[in-house]
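Straight from Swiss-Prot, the features:
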type: DOMAIN; residues: 3-187; note: domain 'UmuC'
type: BINDING; residues: Asp7, Asp105; note: Mg(2+) binding site
type: SITE; residues: Tyr12; note: site 'Substrate discrimination'
type: ACT_SITE; residues: Glu106; note: active site
Amino acid sequence: MIVLFVDFDYFYAQVEEVLNPSLKGKPVVVCVFSGRFEDSGAVATANYEARKFGVKAGIPIVEAKKILPNAVYLPMRKEVYQQVSSRIMNLLREYSEKIEIASIDEAYLDISDKVRDYREAYNLGLEIKNKILEKEKITVTVGISKNKVFAKIAADMAKPNGIKVIDDEEVKRLIRELDIADVPGIGNITAEKLKKLGINKLVDTLSIEFDKLKGMIGEAKAKYLISLARDEYNEPIRTRVRKSIGRIVTMKRNSRNLEEIKPYLFRAIEESYYKLDKRIPKAIHVVAVTEDLDIVSRGRTFPHGISKETAYSESVKLLQKILEEDERKIRRIGVRFSKFIEAIGLDKFFDT
C-alpha cells in the first residue's frame, strides 16, 4: 500500500490570509473566544509568523497576547473554513476514490493503484500541491509512506509547504529511532507514562510484556504501538467519514465538583439531541477540556440506541470516571454522539 497524506498548513489562519491578503507576513492568530470575559478562550491556530514567537494552538488568548500583543487576533469562522475544506477535499477525490477525511484540514489517500513506486508517488504529491495552490491559493504539506501513520510522520517532518517520502528502509530506521512522543496518536500524558516504563523509542515497546503495556495505556494503544514497532501496521483507508454530533459548553469557572458540572453537561446533551433529528446514537462520549486546555474523553457504545434519559445517566457515570482518573479542574464540558441508526418508533431499539 502507498498512502499519501495531505495536511493543510496552518489552515484557519491561512484561509484568513487568502481572504485578506493584507494579513500576509503579519502574525495572525485565530481564536475560540469563550465569552467568559474579554479575551477569555484559547488559540485555535496561528500562522508561522506567530508560532516562531511561541504562540500556538491550545494556549489561552490572554497568554498569547502577552507574548505577542501586536499580532492580528481573529475569531474562528468555522463555516468559512469548512467551505474551503470541502472544495479541497473534492479536488483530492479526483486523484483517488479511496480517501479518508481525518479532519477539516487532513486527508489520507490510498494511491496504490495510481502509482507504481515512491518516485511516481512523489510526483503525484507535487501535482496535488500545485493543483490546490492554483485553485484555492492554499499551501499544503504532503507525506507519503507505506501506511497512514508513517505518511503522517512524513508530513510532520516536511511542514510547512513541504513534501516527503518515507520509504520502506526509512520506516525500519524510524522504528528504531523515533521518539515515542512523536508517534501520531500518542499524546504527552501517554508518552510520559511510557517513558516511566523505559519506553523512549518506538522499538522499545517490543521489550516489555504486552500485559504490562496494556495495563499502563490500554489494549487498543498497546496493540497499535506493537503493530507499528513490528512493521505490521496496515490499517486501510476508510472512505466513510465518521459522523458525530455534539456540543461543548464553557463553564463559569473551572471546577471538579460533579454537581456543579452536571447542569452544563445536561445542557450539552439537550442541545445535541435537538440536532440529532431522527437519528438515534448508539455511542456516547463525554468530553472535558481541562484547566490547561488538554482534552480528556470517556465513552461507551451500546448494542442499541440510546434514549435521552440513558444519555443523562450514562454521561454522569462517564464524567465521574474522568474526575476519578484525572486530577485537573474542568474548564469546558460536553458530549459527543455517534454510530447512528434511524428512528423507527419502536421501544425495543432503545437501551434504557
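Glycine residues also receive a Cβ, built from the backbone N, Cα and C atoms like all the rest.
A quick note: this is a predicted structure, and the numbers were derived from the prediction, not measured.
Mean pLDDT for the domain 'UmuC' (3-187) in this predicted model: 95.
Under the three-state DSSP scheme, Tyr12 (site 'Substrate discrimination') falls in the helix class. Sequence-distant neighbours of Tyr12 (site 'Substrate discrimination') (same chain, six or more apart, CB under 8 Å from its CB) are Val30, Ala44, Thr45, Met76, Arg77, Tyr81, listed in sequence order.
Listed recorded positions: Asp7, Asp105, Glu106. The one with the lowest count of other Cβ atoms within 10 Å of its Cβ is Glu106.
The distance from the Cα of Asp7 (Mg(2+) binding site) to the Cα of the residue listed as 'active site' comes to 5 Å.
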